[in-house]
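A.B. asks: One structure coming up, written as structure tokens, with questions to follow.
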Amino acid sequence: MCGIVGGVAERHIVNILLEGLKRLEYRGYDSAGVALMESDGSLKREREIGKVKNLAEAVAKSKVNGTVGIAHTRWATHGGVTKENAHPHMSNNDIALVHNGIIENHEVLRTELQAKGYEFLSATDTEVIAHLVHENRKSTDTLLAAVQKSVKQLDGAYGTVMMEPANPDRIVVARSGSPLVIGVGIGENFVASDQLALLPVTRQFIFLEEGDVAEITRDEINIFDADGNAVEREINESTVTHDAGDKGEYRHYMMKEIHEQPAAVRNTLLNRINADTVIEEYLGENAAEILQGIDHVQIIACGTSYHSGMVARYWLESLANVSCNIEIASEFRYRKSFVPANSLIVTISQSGETADTLAALRLAKEIGYKASLSVCNVPGSSLVRESDLAVMTNAGAEIGVASTKAFTTQLVALLMLTVALGKQKGMTAELQKEIVTALATLPNKLEETLTMAEGIEKLAEEFADKQHSLFLGRGEQYPIAMEGALKLKEISYIHAEAYAAGELKHGPLALIDAEMPIIVVAPNNDLLEKLKSNVEEVRARGGILYVFADKDARFKGDDTMRVMEVPHVDPIIAPIVYTIPLQLLSYYVAIIKGTDVDQPRNLAKSVTVE
Ligand code: F1P
């Protein structure tokens with residue numbers, strides 16, 4: 001979703017801002033803009049719809065530059081995709097600002113400000129902030145004071161950065177519900193909605209907290225909490241190990257990230273397992289103590305992360321003997337739910353900034369969950385900071401909107417968590433050893449599975465003209481079927497639905513004909529014979545099957561059933577391995593269809609509005 005970059009320097013920074021925006025492109029956006037200020041206070045702005053490339057061309061033409069500036073990629077919420085609605089927004093040439101989030105009381109504020117004579121030039125909620133700050137600036141000595149006054153009048157979520165030509169040596173930022181990070185430099189300072197944007201200029205970051213307002217100059221960063229008290233916030237050295245970098249030998253980030261999975265999983269496992277078990281300390285200093293009293297786990301997540309949580313439910317109940325529920329964050333946060341005694345809330349999120357997941361965590365803390373744990377890929381993100389324990393997936397930056405390596409590393413982290421909790425519930429030493437042994441083999445198994453790519457590329461040709469598809473799995477492979485269907489939807493725009501195979505005859509069987517490809521995930525586990533019966537039900541009705549199966553599962557391919565052999569693995573880690581061919585399938589289908597694989601239409605990487 002929207003991205004922010006800003007900076008105060010001695011050098012001209014337009015290229016730093018544009019590079020920052022490019023690094024945020026992966027989040028999904030539909031227009032981009034930049035405003036720069038020279039030290040004499042002259043203010044210039046460029047905005048373009050479409051890609052950052054268009055903005056860069058406009059900037060090159062108009063030669064806009066300056067030492068202080070703000071930039072933005074917009075993902076439309078209020079107001080269509082137009083140049084007028086793109087940020088930065090200005091109030092009477094006196095204030096320029098960019099904003100992520102949604103101002104919920106924008107209508108009321110707009111009416112009030114219009115009555116005071118402000119003319120609105122866009123349909124955005126953001127422009128309200130610009131005029132509100134402008135109005136409050138009339139009765140305050142500084143922009144900082146005007147922002148502190150204004151944020152008290154705003155409802156909703158914002159990460160906002162602004163500047164005024166009257167004081168061209170500073171920017172003012174405010175955070176509530178939408179992340180902002182300050183990049184600390186030498187004789188220059190920056191701000192962004194995601195540290196990735198600033199990695200070319202610094203690795204020193206201050207993560208602003210909820211309610212913080214800060215004034216930033218070249219040499220000073222003054223931060224104030226929601227009550228207006230000056231506060232010190234720690235400077236963190238960035239631990240982002242893989243820079244987003246370029247696509248290397250790959251055509252798309254998604255394919256690069258699919259192929260990074262063996263290395264990413266190695267990283268997730270690093271120093272966290274030994275030959276016998278999981279080393280609990282990796283979860284945090286007092287992890288063992290917190291997990292000890294836990295009798296129930298409630299998992300909360302959205303999208304792909306929800307699917308990894310669904311697999312974890314099977315693992316936690318069958319392997320760790322801990323009761324577990326899972327719910328989509330946007331549902332959980334708006335219903336009254338029962339909190340069993342000694343419950344742990346587990347949030348799962350690649351970004352750690354998904355608005356619904358974050359709100360659900362905050363609610364869980366309020367309603368009596370004993371402790372919170374987050375499985376997350378972004379260090380310093382809101383979920384990580386607000387949870388008692390965090391298990392980092394360490395997958396490196398994920399740029400493709402459709403999540404791949406974040407998902408498989410989440411599964412690895414969740415399987416390790418299963419062992420850690422299982423130990424508290426009497427999991428046998430043999431089972432602990434079986435799980436860590438299987439995990440240790442996983443990176444090589446994933447490498448082996450990736451060699452299926454060529455065969456799947458051919459298979460994809462049979463899908464490209466289809467309108468619909470059905471994915472089937474049973475047990476912990478059911479969520480993998482769901483994830484496969486989601487991937488196909490997201491990047492190839494083919495309607496895909498997943499069913500627990502046992503549900504087929506309760507409705508979806510009516511859909512089966514030769515135009516409906518049916519994809520089946522079939523490892524050699526104790527549900528195999530049941531699954532085979534479901535496959536026969538489809539075959540008997542003229543359906544065309546594509547079965548991803550263990551060779552010992554003995555499926556016989558023919559005209560109506562294509563069988564793709566997946567490497568043999570311990571059934572415990574099979575959900576992780578079977579994810580790979582489904583990712584590859586959706587990728588190759590999308591290539592044939594010519595879609596924008598890394599930034600599929602209408603989607604955003606980090607869903608920071610509800
Ligand atoms: C959740 C999610 C992703 C999906 C897309 C939109 O994000 O649904 O799973 O791939 O990027 O957001 P997160 O909470 O895991 O960051």
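Each Cβ is built from the backbone N, Cα and C atoms, and glycine gets one as well.
Not my notes, these are from TrEMBL:
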{"type": "ACT_SITE", "residues": "Cys2", "note": "active site, nucleophile"}
{"type": "ACT_SITE", "residues": "Lys605", "note": "active site, for Fru-6P isomerization activity"}
{"type": "DOMAIN", "residues": "2-219", "note": "domain 'Glutamine amidotransferase type-2'"}
{"type": "DOMAIN", "residues": "286-427", "note": "domain 'SIS'"}
{"type": "DOMAIN", "residues": "459-600", "note": "domain 'SIS'"}
A.B. asks: DSSP on the residue listed as 'active site, nucleophile', three-state: which is it?
C.D. replies: coil
A.B. asks: Could you put numbers on the helix, strand and coil content of the domain 'SIS' (286-427), residue by residue per DSSP?
C.D. replies: 63 helix, 29 strand, 50 coil
A.B. asks: Per DSSP, what is the residue tally for the domain 'SIS' (459-600) in helix, strand and coil?
C.D. replies: 65 helix, 32 strand, 45 coil
A.B. asks: Please report the Cα separation of the residue listed as 'active site, for Fru-6P isomerization activity' and Cys2 (active site, nucleophile) in Å, rounded to an integer.
C.D. replies: 10
A.B. asks: Here are some active-site residues: Cys2, Lys605. Which one has the most Cβ atoms within 10 Å of its Cβ?
C.D. replies: Cys2
A.B. asks: Where does Lys605 (active site, for Fru-6P isomerization activity) sit in the DSSP three-state scheme?
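C.D. replies: Once the DSSP labels are grouped into three classes, Lys605 (active site, for Fru-6P isomerization activity) ends up as coil.
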